[in-house]
Amino acid sequence: MSIPFPSAPADKEALENAGLFSPKFDAHGLVTAVVTDARDGELLMVAHMNAEALSLTLETGIAHYYSRSRDKIWKKGETSGNLQTVKEFRTDCDQDAVWLKVSVAGHDATCHTGRRSCFYRTVELSNGDAVTKITDDTRHFDPATTYSNT
């Protein structure tokens, strides 16, 4: 079953107040999804959701996203066992982005690299170049083993 999301109201006040969830999809039919750990607030990932992913997430309580590179719905953690159970689902004032507070099953890892968060690097300026530096290299699972059959 797919939830019929209404178009965003033209009235800004109606959009910003409580009422029907009416996501404002971009030209590609997507909204940005920010995902944090419900337990400690750590930023885990940023992804995109289309109407189907939003519906599946709301209906099942398990996070689903839209993969732009694979052009399909993706149930986060389906292969690795690190499913994301949604504890709280929020939207911003314009309803063009959502924030999922999740608990992560399995290895408690969100990133396909095996790390807890996709944000495991800092960006710094070094000798005039922007460079990345790994700040969390703890691997919670081995991606080569986990994704060997995908």
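The backbone N, Cα and C atoms fix where each Cβ goes, and this holds for glycine too.
Database features, via Swiss-Prot:
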- D92, D94, D96: Mg(2+) binding site (BINDING)
- C93, C111, C118: Zn(2+) binding site (BINDING)
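Annotation for D94 (Mg(2+) binding site): same-chain Cβ neighbours under 8 Å, separated by at least 6 residues, are L15, K24.
Put plainly, the binding-site residues C93, C111, C118 were compared by Cβ crowding within 10 Å, and the winner is C111. Using a 10 Å radius centred on the Cβ of D96 (Mg(2+) binding site) and all shown protein chains, the other Cβ atoms total 15. On its own chain, D92 (Mg(2+) binding site) has V98, W99 as residues at least 6 apart in sequence with a Cβ closer than 8 Å to its own Cβ. When the alpha carbons of C118 (Zn(2+) binding site) and D96 (Mg(2+) binding site) are compared, the span between them is 22 angstrom. Under the DSSP three-state reduction, D92 (Mg(2+) binding site) is assigned to coil, being neither helix nor strand. Those residues of the chain, other than D92, D94, D96, with a C-beta within 8 angstroms of the mean position of the Mg(2+) site C-beta atoms are K24, V31, T91, C93, Q95, A97. For the pair formed by C111 (Zn(2+) binding site) and D96 (Mg(2+) binding site), distance between Cα atoms is given as 24 Å, rounded to the nearest Å.
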